[in-house]
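Peer 1: Heads up, here are the entries from TrEMBL:
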ACT_SITE  H36  active site, proton donor
BINDING   29-36, 146-149, V175, 183-186  ATP binding site
BINDING   Q60  beta-alanine binding site
BINDING   Q60, Q152  (R)-pantoate binding site
Amino acid sequence: MTPVIVRTREELAAARSQVEGTLALVPTMGALHEGHLSLMRQARRSAGTVAVSIFVNPLQFGPGEDFDRYPRTFPTDIEACAAEGVDLVFAPSREVMYPDEPQVTVQSGPMGEVVEGAARPGHFDGMLTVVLKLLNLVRPDVAIFGEKDAQQLAMIRRMVADLNVPVRVDGGPTVREPDGLALSSRNRYLSVPERRTGLALSRALRAGADAAAEGPDAVTAAARTVLDKAETADPPLALDYLVLVDPATFAPVAGPGQAVLAVAARVGATHLIDNVHLQLGKEH
Ligand code: AMP
């Protein structure tokens, strides 16, 4: 069944008032792929009604980033939502979300300035601002985000805790291509040779994860070996960062315990990120 599609705050409020029982929201920027669909299935298991938002948020793109060319595939997105049994799609225009230049926005704080935030200044402020607006508009019981964007998920959890936002935040596992490449709306920018080079991200993470028991230095060394090779490939990979951080704070970790190994790189003009959770052992 085709979902109910609402575009304005008034239409959304009317649809929201019809919802009985629990509501789960999956916020997206569209160009939906199997990763998004897996979050919709998780939403279906978590609540009686499933809502998806589709909005390419200008606030979270920096100057020179791909806002203008970001893929917009609304008709096929709606077909995908229908196939997944999504009940409600909120697809606001820029004017609906930002009728005026916003004066008051969410500040992501120090955690928003490290790792991906250091590579993309202002990105997390813009992302948190739109997520808080979507949560206030849709008022879901649970909101579901992908672990693929691990720092985004950690920052949303932190915002919800710090600002007492009445919603449960759940993470969903990263969906990958059979060869390991994490699905991303940006993968469609990649040429065949660029995609081959881009595979180094997931390979490096796997090499790092395989060394987890040997401790942090072994993890980063194993991952770096794979990335070093990709930096001299044709086309080359341009590494932005490879870090081993605490999953909740994104502060560097040096000791044993839970960690996220996160990597970001550019291949051609395409920005790719990926990460893996691991349990670090002691240094031998
Ligand atoms: P985006 O449309 O890229 O803003 O992503 C919308 C949501 O889908 C975010 O919570 C992402 O973390 C999540 N997501 C993106 N790629 C994947 C993937 N490969 N597996 C699982 N979730 C994903």
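Including glycine, each Cβ sits where the backbone N, Cα and C put it.
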Peer 1: Check the Cα-Cα distances from Q152 ((R)-pantoate binding site) to the binding-site residues M29, G35, Q60, V175 and tell me which is shortest.
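Peer 2: Closest by Cα: Q60.
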Peer 1: When DSSP states are folded down to helix, strand and coil, where does the residue listed as 'active site, proton donor' land?
Peer 2: helix
Peer 1: Measure from each Cβ of the recorded positions M29, L32, G35, H36, V175 to the atoms of ligand 1 and list the residues where some distance is under 6 Å.
Peer 2: M29, G35, H36, V175
Peer 1: C-alpha of Q60 (beta-alanine binding site) to C-alpha of M29 (ATP binding site): distance in Å?
Peer 2: 11
Peer 1: CB neighbours of L32 (ATP binding site) within 10 A?
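Peer 2: If we count other Cβ atoms within 10 Å of L32 (ATP binding site), we arrive at 25.
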Peer 1: Restricting to the chain of G35 (ATP binding site) and a gap of 6 or more, list residues whose Cβ falls under 8 Å of its Cβ, or answer none.
Peer 2: G146, K148, T174, V175, A182, L183, S184
Peer 1: Taking only the Cα atoms, work out how far M29 (ATP binding site) lies from H36 (active site, proton donor), in Å, as a whole number.
Peer 2: 10
Peer 1: Taking the Cβ of M29 (ATP binding site) as the centre, how many other Cβ atoms fall within a 10 Å radius?
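Peer 2: For M29 (ATP binding site), the count of other Cβ atoms within 10 Å is 18.
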Peer 1: Report the same-chain neighbours of H36 (active site, proton donor): residues 6+ apart in sequence with Cβ closer than 8 Å to its Cβ, ordered by sequence.
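Peer 2: Set apart from H36 (active site, proton donor) by at least 6 residues yet with Cβ under 8 Å, we have V26, T28, V52, A80, G146.
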